[in-house]
Amino acid sequence: AVCVSLLGASIIPPQPLDLLQFNEMIECTIPGSFPLLDYMDYGCYCGTGGRGTPVDALDRCCKEHDDCYAQIKENPKCSSLLNVPYVKQYSYTCSEGNLTCSADNDECAAFICNCDRTAALCFAEVPYKRRNFRIDYKSRCQ
């Protein structure tokens, strides 16, 4: 069977489960947003990788999110492949822009959920500057 998307899926690579949950959290805090399109190539830290000085407040949110994920990777309890931030699923609720991580999450899921929650709330508090989307990474992120 062949699946065809009219939404430009060829532009968006398949996303691990946790990143899809992070996407949903951003949609909760910023209704009407398209996180996979808007944030995957923003500044120096939003999307894959990250280096240099963040270009603005939104990019700082992404750097803090990256740093948060780095902390969970250092926790020996969360070092198995099932617990890495990009694939570990967690439970949370969204109500009118408010995000709550479930008390039922295990230690690793709780940490990852809180990383994503903090970043999604941060995104909602800072401006999105179109000029920092798809910047020249090599020259501006040193």
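Cβ coordinates are placed from backbone N, Cα and C, and glycine is handled just like the others.
The active site annotation in Swiss-Prot covers His65 (among others) and is backed by similarity to another entry. Under the DSSP three-state reduction, His65 (active site) is assigned to helix. For His65 (active site), the count of additional Cβ atoms within 10 Å of its Cβ stands at 22 [all protein chains shown].
For Asp116 (among others), the entry in Swiss-Prot reads active site, with the evidence type similarity to another entry.
Within the same chain, the residues at least 6 positions away from Gly47 (Ca(2+) binding site) whose Cβ sits under 8 Å from its Cβ are Tyr39, Met40, Asp41, Cys62, listed in sequence order. The Ca(2+) binding site annotation in Swiss-Prot covers Tyr45, Gly47, Gly49, Asp66 and is backed by similarity to another entry.
The disulfide bond annotation in Swiss-Prot covers Cys28-Cys94 (among others). Around Cys28 (disulfide bond), taking its Cβ as the centre, 21 other Cβ atoms fall within 10 Å, counting all chains.
In the three-state DSSP scheme, Cys141 (disulfide bond) falls into the coil class. Cβ environment of Cys141 (disulfide bond): Gly43, Cys44, Gly50, Arg51, Gly52, Thr53, Val55, Ile135 lie under 8 Å away, each six or more residues apart in the same chain. Among the features that Swiss-Prot reports, disulfide bond is placed at Cys44-Cys141 (among others), with the record citing similarity to another entry.
Cys46 (disulfide bond): 25 other CB atoms within 10 A of its CB, across all protein chains. Residues or ranges marked as disulfide bond in Swiss-Prot: Cys46-Cys62 (among others).
Annotation comment: Swiss-Prot describes Cys61-Cys122 (among others) as disulfide bond. Under the DSSP three-state reduction, Cys122 (disulfide bond) is assigned to helix.
According to Swiss-Prot, the disulfide bond annotation covers Cys68-Cys115 (among others), on the basis of similarity to another entry. Following the DSSP three-state reduction, the secondary structure of Cys115 (disulfide bond) is helix.
According to Swiss-Prot, the disulfide bond annotation covers Cys78-Cys108 (among others).
Within 10 Å of the C-beta of Cys113 (disulfide bond) we count 24 further C-beta atoms, all protein chains included. Taken from Swiss-Prot, the feature disulfide bond covers Cys101-Cys113 (among others).
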Discussion item. Centre the Cβ atoms of Tyr45, Gly47, Gly49, Asp66, go out 8 Å, and tell me which other residues of that chain have a Cβ in range of the Ca(2+) site.
Written reply: Cys44, Cys46, Thr48, Gly50, Cys62, Lys63
Worksheet item: Asp116 (active site) to Asp66 (Ca(2+) binding site): how many Å between their Cα atoms?
Response: 10
